[in-house]
Amino acid sequence: MKGAMAKNGIPEDVLMDTDLIKDLVDVAKDSALLNGVLMRTKETPNSSEVVTYAPFTLFPSPVPKDVFHQALKVQTNFNRLVDRISQDSSFLEEALASTIQVDNFTGRLFNIYRHVLHEGRAQSIVLGLNRSDYMLDQKEDERASLKQIEINTIAASFGGLTSRTPHVHRHILKVAGRLEDSKRILDNNPSAGLAKGLSKAWELYGSERAVVLFLVEEVQRNIYDHRYVENELWSRNIPVIRKQFEDISKSGSLDQDKRLFVDGREVAIVYFRNGYMPQNYTEQNWEARLMIERSMAVKCPDISTHLAGTKKVQQELARPGVLERFFPDEPDVVDQIRATFAGLYTLDMGPEGDRTVAMALEKPDHFVLKPQREGGGNNIYGAEICQVLEGVKQSTERTAYILMDKVQPRPIHNYLLRLGSPLKLSTCLSELGVFGVYVRQGQDMVLNECAGHLLRTKSDEFSDGGVAAGVAVLDNPLLI
C-alpha cells in the first residue's frame, strides 16, 4: 500500500485506522445528507419520498496546485474556442464530413444544423455552459501534466452537487483531527456560475414572463443537481419549468415570429439536460429538437455548439495549424490550449488513418478508442480495441471513431462511499472537470467566465464512466 497516496494527501496510517474509518463513514454519510449531496434511489428514480446520498469519496484527493490552476486559467479560452468553432460552418462541414456518413446520430444532428443554417438563425443570443475534463498524466518520476479528456458542450452535470461537497469534506477532516487539511478545501460554487449565465441570457431575451425550460430525461435520479441551478434562478425571480421532449411534441409551437411556446408559456431559454445520446430520441423527439433549434428561444447549447463538442472535432483541433485558424493573432492562447492536448489521431480513410489503425493494433494498451458519444461508458480499451478495429479497419465504419493516447495518472488510495457497496480501501484515479460559462449577443461577448470545478474519482478497476453512469464518485481536490 505504501506510496499510493501522493505526498501531502491523507497519510496511510489514517487510511488504515479501521476504527476511525468506521466512525468517519457514519459521520460522512450524515454530513452528505445534511448538506444536500443527494440522489434519488435506483428503485424510485422519479420520486423524492426516499432519497440517498450521492456517491462520494471519504477523503478529498490530492491534486497538484500548479496543474489545478492551469486548468482553471485556460477555461475562458476554451469557452472562446468552442464559441468560434460553432460559428465556423466550413470548419464543421469539413471536420465532420466523414463522421456523418457512418454515424447516424451525428448525421441527424448535422441535418438539423444544415436546416437552421439554410433558414437563418432566429436568435443572436448564444449561451454556453460547458465542462472541460482532464486527467493528470504522470509517467514514472515526472511532474504531472494536465491532459484534456474531452469537453462537454451539452448537459454538463454535477455543477449543483459539487457546490455542496466542500462542506462535507471539511467536516470529515475536522472530525478526523485534520484541521489544517480541512482549511485546504477550496470553496466551489458552479451552480451559481451556471445560473449567472442562464440569468444573463434570460435578461437579454427581454421578456419577464418568459420561462427557462429545463429539458430533462424520463429517469430523474440526479434531479437535485438540477434543482440547485433551478433554485438559483428562482431566487433571482426567473421562472423555471421542467419538461421532457414528449411535452414539447404535445404542447410546443412557434408563433409567426418563431417564439417558442410550451403549455402556452413563452420560452426564453431551453437548457438541455437531455438529448446527448441516440437513445434520447424517437422520431417525434427529433421533430421537437428541430422546432427548438428553429425557434427564437436561446438554446443551451444550440445545435452548432453541440456539434463543436464531438470527439471528431476534438481530434481535428489537435492537428497542426488548426488552433491558429481560430486564434490567428494570439499565439499565447494557442500554446495554452495545445499544452492540454493528449495525442489524438484520425481514423479517416487513407494513409494517415491506416497508420493510426496499425499503431493501435500494435500497442492497444497505449490508447483509447472513442466513438462520437456522450454520457460515459462508451470508450473502448485494451484487447477490445483490437476486436473492434479488426472488424472495421477496411471499411468507412472506422471513421465513426477517433484514437487518443491513454493518459496514465498516478493512482491514489481512498474509500468510495456508495449505497449498497461494501466499505473497502480502493486504488483510485481522479478526473478534474472545469465549468465554463459564456454569453454572446451577436458579435459581442457579454460574459466569459470559469464557473468552478468538479473532481470525480473512480476505482482503477473501471476504465470508463462517470458518476451518473454509476462508476465515478464525487470528490474534492486537496491542493498539494
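For all residues, glycine too, the Cβ spot is worked out from N, Cα and C.
What TrEMBL says about a protein is an automatic prediction, not a curated fact.
Features reported for this protein in TrEMBL:
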| type | residues | note |
| --- | --- | --- |
| BINDING | Arg131, 154-157, 220-222, 273-276, Arg456, 467-468 | substrate binding site |
| BINDING | Glu150, Asn152, Glu374 | Mg(2+) binding site |
| BINDING | Glu150, Lys311, 370-379, Tyr381, Glu431, Lys458, Asp464 | ATP binding site |
| DOMAIN | 210-308 | domain 'Glutathione synthase substrate-binding' |
Neighbours of Glu150, Asn152, Glu374 excl. site residues, C-beta within 8 Å of centre, Mg(2+): Arg131, Asp133, Ile151, Thr153, Ile154, Ala156, Tyr276, Gly309, Gly375
Glu374 (Mg(2+) binding site) CB neighbourhood, other CB atoms within 10 A: 19
Minimum Cα separation from Arg273 (substrate binding site), reported as the residue among binding-site residues Glu150, Lys370, Glu374, Tyr381 that achieves it: Glu374
Subset of binding-site residues (Glu150, Asn152, Gln372, Gly376, Asn378) lying within 10 A of Arg131 (substrate binding site), CA to CA, in sequence order: Glu150, Asn152
C-alpha spacing of Lys458 (ATP binding site) relative to Arg221 (substrate binding site), in angstrom: 20
Nearest recorded site to Gly275 (substrate binding site) by CA-CA distance, among binding-site residues Gln372, Asn378, Lys458: Gln372
Per-residue Cβ crowding (10 Å cut-off), top of binding-site residues Asn152, Ser157, Gln372, Asn378: Gln372
Tally of residues which DSSP labels helix, strand or coil - the domain 'Glutathione synthase substrate-binding' (210-308): 41 helix, 26 strand, 32 coil
Residue, out of the binding-site residues Gly275, Gly376, whose Cβ gathers the largest set of other Cβ atoms within 10 Å: Gly275
